[in-house]
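Enquirer: Before anything else, here's the structure in question.
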Amino acid sequence: MQIILLLLNIFGAVSLFIYGMKVMSEGVQRASGRQLQTFLNKMTGNPYSGAFAGTVFTTALQSSSIVSLLTLSFVNAGLLNLRKAFSIIVGANVGTTIKLWLIIVLGTTWHIESLALPLIAIAVPFFFFRNQKFKEWANFAIGLALVFVGLYFLNEFLPDFSSNPYLHELIQKYADETTILNSLIFVLIGIVITFLFHSSSVFILFAAVLVSKGMPLELAAMMILGANIGTTSTALIASTIGNRESKIVAWFHFFFNLGGVVVFFFFVPLIVSTLSKCVSQDGEIILVSFHTLFNIVSALLILPFLNGIVNYASKKFMNEDNSEHSLKLIGRPFGPTAKMYVYEANREVIKFAGITRQIISNLGRMITESDDEKSAELRQRIFTLEKESDELEKSILSYLNTIYTYEMTGEVALNIHRLIDICHHLESIGDIAIKTASVHKERKKNNSFITPKLRTHLIELHDSLSVATTTLVQNLNEIQGNVNLSEAKINEKSIDKRFKEAEDALLKAIDRDKLSALSALYYKDIILHYELIGDHLYQANKALGK
């Protein structure tokens, strides 16, 4: 019974540590929001700046696993290319070490348990502020406090190997017989435990505690090598539901870390011995130094060849027509927050709006196209685009409904409602465009004539629609949520004005017997459809401004 209680205490301490990491990461994600993605795109101009961005990104989010998942998500949604993603993954490994140094240095400078309560005391008052970002940074501080408490309890409950004859003898046996097989066993232990923890940082700190309890440094270092392989399992599992690019990024992460392990494997005793002489006699400091050296050297070795690796991967594994981006949730229980997923959905809605703009553009060409064959091609193109937009709408709505199962703030829930509303308006525009294209078909089939003046009014009405569509796409792309609703109102008034002018011109043409009744009916249907499309575009912009 005592052993069971001890194991439960150990697992409880590890769980508290992991939960603290989760709270920290989610707090940063919610506080920084879309700026994280913007930062990545701006800072990944070359492999070295991309690696730096990955380092900063991981330091901010406090988890390389979260960064790898977010990178996969951005790649899957088409927001990052392979070169940027590869460099971020390389930098993420280095970023992990900064977090470890933070925890180790703070923990060795002060007693860990003495830091936790002051952190919570500082954080809690911020929950009474109205500013949501203050609350999220308070969550970050509380998460850090939980990490410290988890480490404290882990240190309390783990048995001391040096005082336990059986454990000491077992560990010493493997330490004395430093064969390749023994080393591989401890690498495997590192892989398996990191896979279970879903965090190399958790395991490395776990290994540091084991060293303080008497485990030989060489064996702990071997387990750290295994942890660097095990941490890639999160991305590999997540990529199974992603597209081809996300799978390539996940496998790059695996082979990059595996390559580093192969390089370091035979030099572990020498490196550990050198670090103990030159850096510190403290086992925890030596282990974190070893982990830092591993990641920095691995990064420096691969960065000069990164562009070549990207080119090879693109030619070897990418199809020329592989342009689709599957909108699926790439994550896990401790993965990206609902807020980050909503940004992905927003990108797909932008894509949806782009398809709508193409549909409207093709409608405009049908006004002046006199060739029946080309007119039929334009109509078929509109049908194809509308079908594509219907499929995209289903994908987006299914995705957003799934996000609803996640924990989220009121702001995120409102953003989801906005996107759903916009999707409905865009879908309605596609349906109206199909009807308009069919009217054009019937008009041509019956040789219906439209006067040059009426055609001019129709072209002007179409041009106003095109401007309104562009405004919607620009508002969807607005990072800080500064929706230009005044521009949308101007566009709506312009469309209404053009519609009224076209309608008046139609009545005058009928009065002067310049138009047949059938032609007038077709023309009236077309301008009414255009006016309806304008209403939906304005309502979509209003949804963004709510």
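Placement of Cβ uses the backbone N, Cα and C atoms for every residue, glycine included.
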Enquirer: Quick test of your reading of TrEMBL: among 136-154, 516-534, where does it put transmembrane segment?
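Expert: Going through 136-154, 516-534 one by one, TrEMBL flags 136-154 as transmembrane segment.
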Enquirer: Looking at 75-98, 219-242, which stretch does TrEMBL describe as transmembrane segment?
Expert: 219-242
Enquirer: Tell me, roughly as an integer, the mean pLDDT over the domain 'PhoU' (357-437).
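Expert: Mean pLDDT across the domain 'PhoU' (357-437) comes out at 89.
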Enquirer: What else in the chain is close to the transmembrane segment (285-306), if you only count residues 6 or more beyond its ends and a Cβ gap under 8 Å?
Expert: 47-48, 51, 83, 86-87, 90-91, 93-94, 96-97, 100-101, 104, 108, 204, 207-208, 211, 217, 220-221, 224-225, 228, 256-257, 259-260, 263-264, 271-272, 275-276, 279
